[in-house]
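According to TrEMBL, the protein carries these features:
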- 15-441: domain 'Major facilitator superfamily (MFS) profile' (DOMAIN)
- 12-37: transmembrane segment (TRANSMEM)
- 75-96: transmembrane segment (TRANSMEM)
- 108-125: transmembrane segment (TRANSMEM)
- 131-153: transmembrane segment (TRANSMEM)
- 165-187: transmembrane segment (TRANSMEM)
- 199-223: transmembrane segment (TRANSMEM)
- 272-293: transmembrane segment (TRANSMEM)
- 305-324: transmembrane segment (TRANSMEM)
- 331-349: transmembrane segment (TRANSMEM)
- 355-381: transmembrane segment (TRANSMEM)
- 411-436: transmembrane segment (TRANSMEM)
Amino acid sequence: MASKKETARSQLNPMAWVMFASLVIDLIGFTIILPLMPKLLDHYSLSGGASISFLESTVKTLQQTLNIPEKFNSVMTGGVLGSLFSFLQFLASPLAGCLSDTYGRKPALLVSMVGIAASYALWVVSDNFALFVLARAVGGISKANVSLATAVMADITDSLTRAKAMALVGVAFAIGFIIGPVTGAAFSVWGVDSSTGNWWFWPAMFSLTLAVLNFGFLSVFFTESLHKEKRAKSLQLSQTWNLVNPVSLFKFQLADGIAKKDLEKLKVLGRVYFLFLFLFSGLEYTLTFLTHLRFDYNAAQQGKMLLFIGLLMAFFQGGLVRRVKPGKEKMLALVGLGVIIPSFVIVGLSNSAAALYFGLGLYSLGSAIVIPCLTAMTAAYGRADQKGAVIGTLRSLGALARAFGPLVSSFVFFVFGAGPCYCIGAVGLILPFVLLRQSPL
């Protein structure tokens with residue numbers, strides 16, 4: 001009898017699968033642009049315009065001042081755009097989490113979906129660089145759905161099922177990174193002449209269609225996970241500054257009333273999460289530039305590489321992270337950090353496809369493990385009416401890391417090249433590893 005009860009308790013709530021499906025739909029649309037970005041930047045550069053001319057001239061001045069080869073200019077330009085999206089996501093995520101604690105997860109999710117759809121609609125008609133930047137900005141502000149999905153998982157799980165639910169979020173990312181970039185690469189070689197016309201119309205329209213479908217899917221199938229009796233009584237407008245103040249975020253000041261001992265553990269997890277993503281996002285964002293400059297990869301080859309990473313991540317998350325036992329998340333996160341450190345060195349110094357893919361294999365294993373485990377550990381803290389604030393703060397710290405990580409890594413890549421950039425990142429990752437290992441979590 002006890003065994004049957006234990007089995008029943010270990011089963012995931014059906015809403016976990018609804019959120020999983022929604023994230024897959026969303027992330028496919030989100031990642032379609034990844035292999036297209038170099039071509040998009042080339043297109044807007046050729047078409048001119050004040051916005052792109054100003055950004056390019058600024059980067060070119062820096063390149064000439066530092067006597068850097070011109071071929072690295074696109075790395076810096078791309079880093080600026082990547083950081084803009086994540087910085088705006090950093091501003092929006094904790095606010096969305098707090099609003100969902102007060103008004104419910106479903107309204108916040110649907111508003112996020114409307115904003116995401118609007119960003120893709122702007123991309124459809126972005127015949128100039130300024131409009132494209134606006135589309136990315138709207139997307140960044142609206143991209144709170146991942147944080148909200150994680151809060152939903154925290155609502156509907158306990159210590160037995162939390163790691164499984166967080167692993168589902170990771171698997172959704174892996175699937176998105178399998179299908180999205182490959183779809184984007186297919187659009188790039190679909191007999192489209194990228195030198196004339198709005199060749200990006202169909203990939204943008206495909207992303208828009210997925211966003212609209214996702215809105216309808218959530219409207220019909222998602223049932224509110226945070227019931228009224230468990231919601232925060234009111235939105236504390238006096239805490240607005242804490243939503244965007246990095247110092248307050250690192251202190252988790254949005255989550256009032258958490259026991260002091262638990263709060264100290266949250267602070268450690270927040271620092272580890274930020275440091276890891278700050279360094280990790282640098283490799284993640286500059287990877288396509290490395291393979292383009294060093295191995296002359298085109299969009300199709302970039303898509304195949306991202307497919308390889310996504311398949312491995314899905315395998316590791318589905319077969320390893322999903323099966324982790326409660327209390328073992330820290331140990332597995334340390335394994336992931338320990339594996340990803342040498343992957344930076346191998347990828348950065350690789351001079352052959354075999355070495356590159358070996359490094360990417362280790363990279364896939366580490367990235368598949370670390371984020372779900374750290375998120376599951378964080379989600380264990382706080383009351384039901386605090387989960388949105390806790391997870392929103394964690395996701396916002398991640399967005400802050402992603403806002404500066406690509407920019408800093410792109411600059412180091414721009415100045416010193418890929419090898420030193422990635423080796424510096426590997427050395428830097430020792431810090432979150434030691435911090436997590438020494439903390440009593």
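The backbone N, Cα and C atoms fix where each Cβ goes, glycine too.
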Distal contacts, the transmembrane segment (305-324) - CB-CB under 8 A, six or more residues away: 31, 34-35, 163-164, 166-168, 170-171, 173-179, 181-182, 287, 291, 297, 332, 357, 360-361, 363-365, 367-369, 372-373
Contact between the transmembrane segment (108-125) and the transmembrane segment (12-37) (at least 3 Cβ pairs under 8 Å, separation 6+): yes
Folded-back contacts onto the transmembrane segment (411-436), same chain, C-beta under 8 angstroms, at least six residues removed: 62-63, 66, 68, 72-73, 75-76, 79, 268, 271-272, 275-276, 279-280, 282-283, 286, 289-290, 293-294, 330, 333-334, 337-338, 340-342, 344-345, 347-349
Recorded stretches the transmembrane segment (199-223) and the transmembrane segment (331-349) touching, at least 3 CB pairs under 8 Å: no
Contact between the transmembrane segment (272-293) and the transmembrane segment (331-349) (3 or more Cβ pairs under 8 Å, separation 6+): yes
